[in-house]
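Just below is one structure, and these are the notes that go with it.
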Ligand SMILES: N[C@@H](CCC[C@H](N)C(=O)O)C(=O)O
């Protein structure tokens with residue numbers, strides 16, 4: 001990582017998570033840091049780095065070429081990277097953690113704020129703190145889901161399941177299975193076919209029912225591997241489950257809410273009659289420190 005001001009200057013970082021989908025947060029309000037894919041992979045390394053599923057760079061929209069056009073709508077841009085350094089359009093757990101960081105840093109007040117992402121502007125509502133001292137949950141608008149249709153299937157260890165293609169700004173393949181263990185250890189990305197359905201790769205969710213409007217999922221994330229939670233994945237799962245259950249708020253005018261359990265906790269997802277999806281869940285900042293740029297510049301061992 002290099003900085004326009006001084007290549008030797010240390011950089012602040014924080015560590016946070018949302019339902020155990022964890023992130024290195026790098027505040028860079030003026031967009032002066034050049035964070036390469038290799039830097040991200042090194043920072044996210046769980047043994048030789050800080051360790052995380054992804055990195056959130058906090059940049060003023062006006063200071064980032066991909067977000068400058070959104071600056072009048074949202075002051076802050078979430079520059080999200082997967083742990084392998086690849087760029088993704090959106091991160092649902094990340095955007096809650098991003099909002100929590102802005103609140104904690106005093107850059108926004110409690111309440112409502114808009115955040116620019118590569119998938120467009122998302123609106124966050126930061127809830128009041130709980131009476132037990134816990135931080136309030138955060139609700140984020142996630143945009144409408146797109147279901148391009150077409151037959152898709154996913155496979156692990158010789159087993160194959162039909163899947164639902166859902167876009168939440170980023171791609172998802174949602175497969176309903178009998179048992180979450182059917183997906184095995186998920187050490188590698190599941191096979192997805194036809195390959196042309198996802199030219200840029202995809203996140204894959206495996207889903208079981210837990211009760212009425214209540215499901216549980218595991219996820220293999222594009223660029224990060226199996227994670228403990230995926231917010232956009234939970235929204236994709238909610239929509240796939242609702243359509244499977246014959247529910248479509250755009251037709252009935254009635255919002256639909258599902259509880260989505262993930263290995264790292266619980267998310268609540270509502271699809272409104274106007275198609276907008278809202279997701280509510282926790283967002284925690286747990287540590288902060290300083291990155292030594294000479295460590296990043298040194299060859300890895
Ligand atoms: N964990 C995220 C999704 C992060 C991006 C994803 N891996 C992709 O490449 O699309 C979430 O909470 O949504």
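The backbone N, Cα and C atoms fix where each Cβ goes, and this holds for glycine too.
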Query - Listed co-binder of substrate (same site as 21, 92, 93, 170, 203, 221, 222, 231, 232, source TrEMBL) among 82, 248 - result: 82
Query - Separation of alpha carbons, residue 91 (active site, proton donor) and residue 231 (substrate binding site) (Å) - result: 7
Report task. Compute the C-alpha separation of residue 92 (substrate binding site) from residue 230 (active site, proton acceptor), stating it in Å without decimals. Result -> 7
Report summary line: One should report the C-alpha separation between residue 91 (active site, proton donor) and residue 230 (active site, proton acceptor), rounded to whole angstrom, as 8
Requested in this report: Would you mind reading off the Cα separation of residue 230 (active site, proton acceptor) from residue 21 (substrate binding site), to the nearest angstrom?
Outcome: 7
Query raised in the report: What residues, ordered by sequence, lie under 8 A Cβ-to-Cβ from residue 221 (substrate binding site) and sit at least six positions away in the same chain?
Result: 53, 82, 203, 227, 230, 233
Report summary line: Around the recorded substrate site (21, 82, 92, 93, 170, 203, 221, 222, 231, 232), other residues with Cβ within 8 Å of the Cβ centre, ordered by sequence, are 54, 88, 90, 91, 94, 219, 224, 227, 230, 233
